[in-house]
Amino acid sequence: MIAEAGLAALWLAAALALLQLGAAIAGPRVGDVRAVAVPTAVAQGVLTLFAFAMLIWLFVRTDLSVELVAANSHSMKPFIYRFSGAWGNHEGSMLLWVTVLAVAGAGLALVERRLPPETMRATLGAQAALALGFFGFLLIASNPFARLYPAPAEGQGLNPLLQDPGLAFHPPTLYLGYVGLSVAFSLAVGALITREVGPALARAMRPWVLGAWVLLTLGITAGSYWAYYELGWGGWWFWDPVENASLMPWLAATALLHSVNVLAARGGLRSWTIMLAVVAFSMSMVGTFLVRSGILTSVHSFAVDPERGSFILGLLVLYVGGALALFAARVGTVREGARFELVSREGALVANNLLLTVLLGVVFVGTLYPIFVEAATGDKISVGPPYFNAVSGPITLVLALLLFIGPLLNWRRDRRPNLRRIALPLVVTVLALAATFLADMSLLARLGLAFAAGLAVASLLPLAGRNLRRTPLATWGMVISHLGVAVALAGAASDTAFTRETLAAARPGEVLSVGPWSVRLAGVDPVAGPNWTAVEGHLVATRGGTTIRLDPQSRTFSDPPTETSEAAIRTLFDGQLYTVLGHREGERWQLRLWWKPFVTLIWLGGALIALGGALALVGRWWRGRRQRRSEEAFA
Amino acid sequence: MTRKLLLALPLLVFVLFVGAALWRLADPPSSTVASKLVGKPVPPFALKPALPTKPGFGAADLAGGQPRLVNLFASWCVPCIAEAPVLAELKARGVAIDGIAIRDTAPDITRFLSEQGDGYARIGADPNGQAQIALGASGVPESFIVDGRGIIRYHHIGAVMPQDVPEVMAEWEKVR
Amino acid sequence: MKPAPKHQRLVLVILAVAALIGAALLAMWGLSDRAAYFRTPQDIAAGRAQVGEPIRLGGMVKQGSIVRQPDGVSIAFVVTDGPADVPVRYRGIVPDLFKEGGGVVAEGRLERGNTFVADTILAKHDERYMPPQMGNIQAERQTRKTVAQ
């Protein structure tokens, strides 16, 4: 019954989406569009939330008569993974996607009151059309509530790699971000239909972009840390197609975030902002398509699903193709925005946008290049870190350099940019660069460290000479985000420059050294968990007077039978000690040890970037509320 | 004119992407490793009977002059349930089927066959997956068509579904 | 440095085009010598791979070919696809699914003398469509026993 209730809720929500679309198309002729669209949008949000809750309930109860539960869960699984198992699979994650889409649509319908009514009508229509397509995909090609007869005696379990508390909440965060961008997409399409592109649109779009961007930043940061400690390879970004699928919308959203500010504050960059809004959500959908259809397979999978792939591709053609065609046809007739000079805040933001777009372009090309090559020549190739690091490193450094000056420039024109203020960060950069020559490292790492030091100072300069109490929260947000970029850059460069690695086989009692540490293998013992068994190495690491113990494991899961290595990681103030236990070689055990100075700065920086975005979001909301209050008080 | 072209550029890039994606969907990549065995003799293996009521078999028994379809299955495998009626249909159309039960026990196999139907002439027990590895199979279910001389002629990965029947039958007719 | 008003859009358009061309050139430069081609031992035997270029070598680990080196972390083995063999050297912890007779993909470069030096080893053994469930309690017990011993 639970499954049937969930399915019924989905069908009802799909019907309501159709109604909302119809009302938006029919327009004022049939009455007040808002009066129809708002309740239908809210009802869709509630119904999909209900359906999603039903699916979670089925997973928690381990109802094996439902195919999806039988294929992905198991009654002996710990509670939290039965819970998160609901979205750890194709159908469940698509239901989550649709739920977020519907809830975002409801939020838009409820909250947005500043837009011209015609633009709002077109926007609600676009959002309904999006929802309708994904409802169709869910109900026709990915029904999460399908029954299985006869019910099996036991479920098949969840990939052990996914049995991790971090990962349980990683996909929902990313999905909230992806789908939050759908609102920006709908607003852009609505504005293209009515040709009403202006600051009002940007102000309506900004909180959604900001919110989605914060969640994407958090999701990517968390995903990077997950890959770092779970895969046991010591790296923090592998340029896997799945990672790139989340990075591409983030790059587009970052560009959009900056250009939407130009549109809101100055009325400039109209067509560019519209295009970025379309591209950002398109990248979310393309990313989902690439991951879900399996057309970009890694060596670990060859499950191409042509039916589902074709369905999502059809939706992509309809939405992305439609929006881009509308853009090509219409945007030429949008009124031109306010002008500005090249040396100005706008000019710097244009440069930022171009660089981010170039970065997006090279990641996109690299990710899809294997398909193009195989289609053209039949050669199978793979594009990996050597390409992505080589092309993205320099662009990132130029972006960082741009950050020195951009936030200090005035809007519209800056006749005499205050070059004295940028002297301090430049001096810091040069000093840091000189200091890097004390150690041996690659050029990219050298420049990364130097730029990070300079940027850390430069990012704080917009606060210099201001009354900090009266500085708007949005400015604080910008400063903290830019500081976060410097921190993350410092972490990445430090990891590249200073990491020390030792790979060896050791007898119990033997001592290995890695960087400043001496690591003794004290012993190896068997241990067992709820659904796994493992061998656990006991390591005692000493440096000066400090002694720490680490217990890396090599785990064997029984459902499905898979082995994973659980790295043991200890964070200290100046870095991380990262240890992996390998296989047994006679009396010896393989050990892989890393000493990674300041590597944690990477994720700390990511968190700071997200925190800055969150502050800006709260600040803008607070300000808007106060403004509305004072307007009301006037009236 | 250039401006028009520039505005349509994102659309052009997208069209290129769709073209590549369509090509890949229409022509999914095959598993290079698995297909290597097609055209080769069955690697040597010998399996004890999985059930007291049916004989087991080994690689030598597959070169007995008549083609066989060798199906890797297991009672714990959900896709195998979906595959069972299709195997029954193949049997009805004259395909001789031998089964290899992967990491399974006799009581479980008996229960599975009584519930899902039993189209196997012989069933070999592969308790630790050795025949599976020898055959280059990476999962369950998988099926191989072996001709009368013991040469593997066809390899199907995953459950044989109703839409696969024409292809499997065509391969079967080729080796008869 | 103030552009005439009419030229504002033009300047931006030119900048955008320049950025696009820059991106394309950068991508092409990067891809020209950094994309790894997927090769089989037969390809290498036929001379379709150059010494030093990045390659993904796919095939099976030949039976009886794994030789563990005295340092405990290096191995040598042979990747085969039937007609052709390629010797491979690797230093590191191999994945658990890596075994003789199993599928393997090695990323690395070819050295002179056609020995392949792998940076990364990926065992190809996708169990996605056959996750053997853990109701198979016997297998679990065996695992426990083995670990306890």
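Heads up, the Cβ atoms here are built off N, Cα and C, so glycines get one too.
Taken from TrEMBL as is:
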| type | residues | note |
| --- | --- | --- |
| TRANSMEM | A:6-26 | transmembrane segment |
| TRANSMEM | A:38-60 | transmembrane segment |
| DOMAIN | A:87-293 | domain 'Cytochrome c assembly protein' |
| TRANSMEM | A:94-111 | transmembrane segment |
| TRANSMEM | A:175-195 | transmembrane segment |
| TRANSMEM | A:207-227 | transmembrane segment |
| TRANSMEM | A:247-265 | transmembrane segment |
| TRANSMEM | A:272-291 | transmembrane segment |
| TRANSMEM | A:311-329 | transmembrane segment |
| DOMAIN | A:313-620 | domain 'Cytochrome c-type biogenesis protein CcmF C-terminal' |
| TRANSMEM | A:391-410 | transmembrane segment |
| TRANSMEM | A:422-439 | transmembrane segment |
| TRANSMEM | A:445-464 | transmembrane segment |
| TRANSMEM | A:598-619 | transmembrane segment |
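Regional average pLDDT for the domain 'Cytochrome c-type biogenesis protein CcmF C-terminal' (A:313-620) in the model is 88. Three or more CB pairs closer than 8 A are found between the transmembrane segment (A:311-329) and the transmembrane segment (A:272-291), so contact between the two stretches is assigned (pairs 6 or more residues apart). The transmembrane segment (A:391-410) and the transmembrane segment (A:38-60) are not in contact, since fewer than 3 Cβ pairs between them lie under 8 Å (pairs 6 or more apart in sequence). With a cut-off of 8 Å between Cβ atoms, the residues of this chain six or more beyond the transmembrane segment (A:38-60) that come close are 2-3, 5-7, 9-10, 12-13, 16-17, 19-20, 23, 66, 68-69, 72-73, 79, 82-83, 85-86, 92, 95-96, 98-99, 101-103, 105-110, 124, 127-128, 131, 144-145. Residues 10, 13, 17, 34, 37-38, 41-42, 44-49, 51-52, 55, 87, 123-124, 127-128, 130-131, 134-135, 137-138, 142, 144, 171-172, 175-176, 178-180, 182-183, 186, 208, 288, 292 of the same chain lie 6 or more positions beyond the ends of the transmembrane segment (A:94-111) yet place their CB under 8 Å from a CB of it.
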